[in-house]
């Protein structure tokens, strides 16, 4: 059976034409892979089917991807980071609310971009459309090297910590044990996303309900505490340490990290049913639920935990549940771990499409734009994350990783939304099914860029390192993309590696015929 499948793959490989993408005289010429999704009228001969990514993301699945990715470890970890850098309970709640509104502004801006530019790829695609191939390449370069492996490692470490929490009630959890369990979780997520789009989406819906259950387990007892009059921690809410201006960028990063994920639906635009309607609707529904849930969760924390106790806790949700829920508190870490797992799953599902699209446009190796011949998943674009995430996992702690990746993420996000304003003036006749007032993208873009600049003063080492690694994308662009006179042996070796990987992974370019 395996030999027969391999023979079929070889026939497809021999029949396929190579993807060619070059940059000539500063202009951008995409490769010959069209990236089109099948229309309802497409008909294939009996026994043959095009190998494509199909439209399987409904409104419910879209909402589950956003909520399931946003509500991960942030709400259970970031309260400590925000409180530490704002100095008081009141200011921390203000920051949680402000970050929610700002995230909504960013999400609405992305909704306009997603309905106007109906291509998958999110940040990368919009930067390519507005600023050209150099900045787009730098964006995907830093996403591949820093942002995605770092973000996945941060979320996964929280998964590892919380899943082990019930087994180490009386003692500290060994760091090695956390990282080993985390590595297993990452591997499971990669395998799941490699096997089936439908099953990944179904599991994401289930995990979204688990996330909302975990939030409610915290909110409901907190509301009961408020009704009973436990408001002592809200008295003089804005007193405490004086707010340090240099700490505000870090508080912003922690807050926006907790809300991060509202942009992931734009990464899979081509797989969304009726994107002009479902993308804005999914974003609005999701952000309303998330913002209300986050603010109420933080209020619930402070009904039971003082500011000083919260800063000393490594697992805020667990500390809260132990005080109010008794034996049932053992269930909370499990729900939180499932929440983190859902965020891992949604992130890998969406970002693999970014790498897939970047490869389709000629900015990453050709193999990453290929699809499994039977499962119809972008298998190479999924598994490329595995070794990079493992390196990040075993090379840093939770908070240093979070600080390190924040600079590049919010710099490019601010540029993307600034590009929306540019398109309004440069292409006024562009079809825009969903349109936001200009002050929304202007405020979001200004805030992101201002905080990035301010972070150079508050945390110059992490920001400087992020900036330097981002700049490495410029020489890489000219070496790998612009320079088209590579040695013959290099081209032959590259082609040989690609063909070998195709046979091993059973993948072919999009629009190939399945035999």
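Cβ from N, Cα, C; glycine included.
Listed ranges 123-142, 143-162; the one TrEMBL annotates as transmembrane segment is 123-142. Listed by sequence, the residues of this chain that lie at least six past the ends of the transmembrane segment (279-302) yet keep a Cβ under 8 A from its Cβ atoms are 59, 62-63, 65-67, 70-71, 75, 79, 89, 92-93, 96-97, 100-101, 103-104, 107-108, 110-111, 114-115, 212, 215, 218-219, 221-223, 225-226, 233-234, 258-259, 262, 265-266, 269, 272, 310, 316, 320, 434. Counting Cβ pairs closer than 8 Å and at least 6 residues apart in sequence, the transmembrane segment (58-77) and the transmembrane segment (176-193) reach fewer than three and form no contact. With pairs at least 6 apart in sequence, the transmembrane segment (330-356) and the transmembrane segment (437-457) have fewer than 3 Cβ pairs within the 8 Å limit; the two do not touch. Between the transmembrane segment (205-227) and the transmembrane segment (330-356), the number of CB pairs under 8 angstroms, six or more residues apart, is three or more, so the stretches are in contact.
The highest tally of CB pairs under 8 A with the transmembrane segment (89-111), across 176-193, 330-356, 407-425, 463-483, is held by 407-425.
Long-range neighbours of the transmembrane segment (377-395) within the same chain, counting only residues 6 or more positions beyond its ends whose Cβ lies under 8 Å from a Cβ of the stretch, are 53, 144-145, 148-150, 152-153, 156-157, 179, 182-183, 186-187, 190, 193-197, 348, 351-353, 355-356, 359, 367-371, 401, 501, 505-507.
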